[in-house]
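Worksheet: the structure to be examined is printed underneath.
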Amino acid sequence: MKWMRRLKSSYGAPFLLLVCSVYWTQGFRSFAWTGISYQMKDELRLSPSLSQFVISVVFIPWSIKPIYGILSDCVPIGGRRRVPYLIIASILSFVPWFLLGYFEALRASYIYLMVLVTSQNFGAAMADVVVDAMVAEKARKESAEYSGDLQSLSWLAMAFGGILGSVSGGLCLAVLKVKGIFLLFSIFPLLQLVSCIFIHEKSANQMAVVNNEVLEGAQNIARDSSTADKQYDNSSHGVSTNVEGLRKRKAASPQEVISRLPKSLDGIEAPLQSQRGLFHDLQTTLQALWRAVKQPDIIQPMLWFLISQSVVPNLSTVMFYYQTNHLHMNSSFLGTSRVVGWGGLMCGTFFYNRYLKHVPLRKTFWWVHVGLTVLTLIDIILVLEFNSYLGIPNKAFVLGLSALGDAVSQFKFMPFLVLSGQLCPPGIEGTLFALFMSVNNFGSTLSSFAGGSLASVLHISSENFDNLALGIFLQAACTLVPIFFLFLIPPTATGAAHDEHQA
């Protein structure tokens with residue numbers, strides 16, 4: 001309670017309510033996605049491959065997060081950079097869920113469902129970027145001493161929302177049906193929208209600060225590429241190992257980077273936005289980003305992460321159909337398995353930070369992909385029902401795989417966050433880090449498309465899983481492919497922060 005009173009005193013109750021509502025909603029999305037999964041499977045009777053295609057499309061907005069950050073930084077609305085975009089994002093999040101819950105005809109068409117859920121993902125991704133920028137700015141301006149507390153509050157809200165959403169989604173589905181789940185979930189973006197009313201934001205002209213020094217630093221990247229791989233400053237981009245924020249690590253935007261300049265620059269007067277022009281700001285930001293991305297030490301690791309995500313077909317939707325239609329696992333149990341997955345993720349985070357963060361990343365990624373290949377092959381035991389001969393119940397087998405899979409995956413995601421931050425040069429680390437995250441999300445989208453295509457080629461349907469074992473074997477084989485491209489990862493890079501390297 002003392003911790004919360006301190007935060008309230010530093011930042012104000014309206015701002016804390018906004019932060020908690022946005023991050024809670026992000027975590028609680030698992031509640032709504034339970035309804036979507038069963039709507040596509042039971043009501044629309046879509047095949048596993050078509051369901052996978054729909055899911056792939058609706059997550060595309062998460063692959064363009066830098067665009068939201070650049071727009072909110074460079075194109076103020078009504079003289080303000082954050083709140084107007086957050087209002088737009090909240091409306092985009094609220095309206096589709098309300099329409100899907102209220103109008104049965106919209107739920108009865110997978111085209112309408114896909115369009116509306118994609119629209120709300122635009123809102124969710126935009127809110128994700130904008131509120132993170134607001135958190136970073138508030139933490140610096142109001143009380144830097146408590147900035148870690150504010151970040152912890154946001155991650156705690158998202159983790160608690162994710163766990164509760166996973167548990168309650170399956171339980172509520174039997175009582176509220178899909179209609180009730182969509183309508184109930186729409187309350188949270190509505191609360192997010194109402195919270196915006198109480199937030200006072202100064203105009204962009206009032207908050208203008210000098211950024212020429214930052215841009216010059218970005219321009220020097222092209223002339224000093226030999227030192228690009230030495231830009232190891234985790235503190236500038238906010239990479240964290242806090243467990244609660246691991247599922248969707250937030251990426252800062254360009255304006256936040258400026259806000260992290262030394263305090264000696266805070267009083268320097270800068271030209272007003274109206275004098276520089278919107279197009280000039282956009283052009284300058286994009287040019288600096290392009291100069292950075294062209295550097296081999298940045299583009300090569302980015303390419304590896306894209307390859308490692310995209311070449312492995314995602315069969316998660318197919319496995320969902322198999323577990324519910326063939327193994328007859330109910331929604332409440334699947335929610336429980338997701339909670340167990342959260343537990344595995346937390347254990348994986350602890351183990352990585354305790355034992356693996358000083359290990360060279362090439363070695364870590366090699367063992368991670370070998371481990372993921374083995375775990376993928378173990379799925380074949382479940383599909384062929386060999387576990388029954390071993391005396392292992394299906395539910396126990398699924399719970400164990402869920403925990404192990406998320407734990408091992410975390411050994412890859414944690415160093416991804418750190419390496420992405422280490423490679424970002426000063427001045428544009430916010431935008432470039434967001435680009436790293438978007439490349440990772442885009443790779444996941446391509447993986448989902450590949451999984452749907454593989455299910456279609458193998459003629460896997462909601463009732464026919466004869467070729468599922470073959471599909472899992474091909475998935476496991478593809479999981480080994482990124483190992484052959486590990487030369488793209490800097491040979492000396494580890495998962496330790498820069499200050500730990502120097503200690």
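Just so it is clear, glycine is given a Cβ too, placed from its N, Cα and C backbone atoms.
Fair warning: this is a prediction, and the values are worked out from it, not measured in the lab.
Checking TrEMBL for transmembrane segment across the ranges 405-430, 431-456 points to 431-456.
Listed ranges 277-295, 334-352; the one TrEMBL annotates as transmembrane segment is 334-352. Scored by C-beta pairs under 8 angstroms, the transmembrane segment (83-103) has its highest count with 109-131, from the stretches 109-131, 152-176, 303-322.
Under the criterion of 3 or more C-beta pairs below 8 Å, with sequence separation of 6 or more, the transmembrane segment (152-176) and the transmembrane segment (468-489) do not qualify as touching, having fewer than 3 such pairs. Long-range contacts of the transmembrane segment (468-489) within the same chain: residues 300-301, 303-304, 307-308, 311-313, 315, 318, 322, 361-362, 365-366, 369-370, 372-373, 376-377, 379-380, 383-384, 419, 451, 454-455, 458, 460, each at least 6 residues beyond the stretch ends and with a Cβ under 8 Å from a Cβ of the stretch.
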